Amino acid sequence: MINTTSRRKIEHLKLCAESPVEARGVSAGFEDVTLIHRALPELNMDELDLTVDFLGKRMQAPFLIASITGGHPDTLPVNAALAAAAEELGVGIGVGSQRAAIDDPAQEDSFRVVRDKAPNAFVYGNVGAAQIRQYGVEGVEKLIEMIDADALAIHLNFLQEAIQPEGDRDATGCLDMIAEICSMVRIPVIAKETGAGISREDALLLHKAGVSAIDVGGVGGTSWAGVEVYRAKESKDPVSERLGELFWDFGIPTVASLIESRVSLPLIATGGVRTGLDIAKSIALGASAASAALPFVGPSLEGKESVVKVLSCMLDEFRAAMFLCGCANIQALHNSPVVVTGWTLKYLEQRGFNVKDYSLPKNAL
């Protein structure tokens, strides 16, 4: 029998595949970022080095297929397709929240398939901050072992929890538990927002807690408040529907959050990353990697080859962006100048950030 958590997972997957769930009135901010074109790149585009070492694992490009799904029998072929594509192209991949497998061990195979299909890829596990207090270190270790994870993402999705009628709205003690997990588990811990962004204040707290990386998960991509609007309409829950509508675009856009979160930790740019140019802009702004989920949902329902096609296109775009910026490798892109304008510039100035440094060559990232 399918439990509530498992049923919710397949509902989320179907909604993301079939309904408009992206931010509506706010963008990730990539249009406010200009890379400096080099008319004389003096490089062979086919010889660029896109490889990167991320949290102890070599990847063929600084990109991860972000957490999408798992925890329902119908999600197994989806995760199989995503993982096989990640393995073929040498990028990383995260699993969806493993909570469903804790609630029902029969669902473990929908997560294990990721490691089975991607034996050499960087794979990260996934559990909610609201749940780690309940599971403790022992429970978290089981999640890690389930997929032989290279890292563990602890997702911070309190916006979604606030809107879900079944949401866990008690956020007390989460930071202390994150610190305990970081000190006890054998693999890196990633603090992962899921669409509302990370502020400077929280980045500093997470750094102090001992996380190894931050996934900024900013506004501009999938709105989980928006996803809950559709669920609320289906269940005829006007209170949750109103909350979701109100907070559909709530949070910090991805580009702004990237700069907010620069606290001497590796950063993952997630939220509205849709092209290889977005990946390049993210790396130039200081991210160690970029990731996306929604662009792969539809293709994953079709199979591995469809995922490979979409991902290959993004990586080709990324290679072209590096070439046109005169960057032979990822470190060169880290050090390349960018110009930040528009709404993002105004936001960052009001928050006290000096973005002029980004326009200087060899800026220290």
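Every residue, even glycine, has its Cβ placed from backbone N, Cα and C.
Note that the coordinates shown come from a computational prediction; the quantities given were computed from them, not determined experimentally.
When Swiss-Prot records Ser67, Ile68, Thr69, Asn126, Lys192, Thr222, Gly272, Val273, Arg274, Ala293, Leu294 as binding FMN, the matching candidate from Ser19, Ser97, Ser312, Ser336 it lists for that site is Ser97. Distance from the CA of Thr69 (FMN binding site) to the CA of Gln98 (substrate binding site) is 9 Å. Distances between the Cα of Arg99 (substrate binding site) and those of the binding-site residues Thr69, Asn126, Thr222, Val273 are shortest for Asn126. If you draw a 10 Å sphere around the CB of Ser97 (substrate binding site), it holds 26 other CB atoms from the protein chains shown. For the recorded site, Thr69 (FMN binding site), the DSSP three-state label reads coil. The Cβ of Lys9 (substrate binding site) lies under 8 Å from the Cβ of Thr69, Gly70, Gly71, His72, Thr75, Gly96, Ser97, Ala100, each of which sits 6+ residues away along the same chain.
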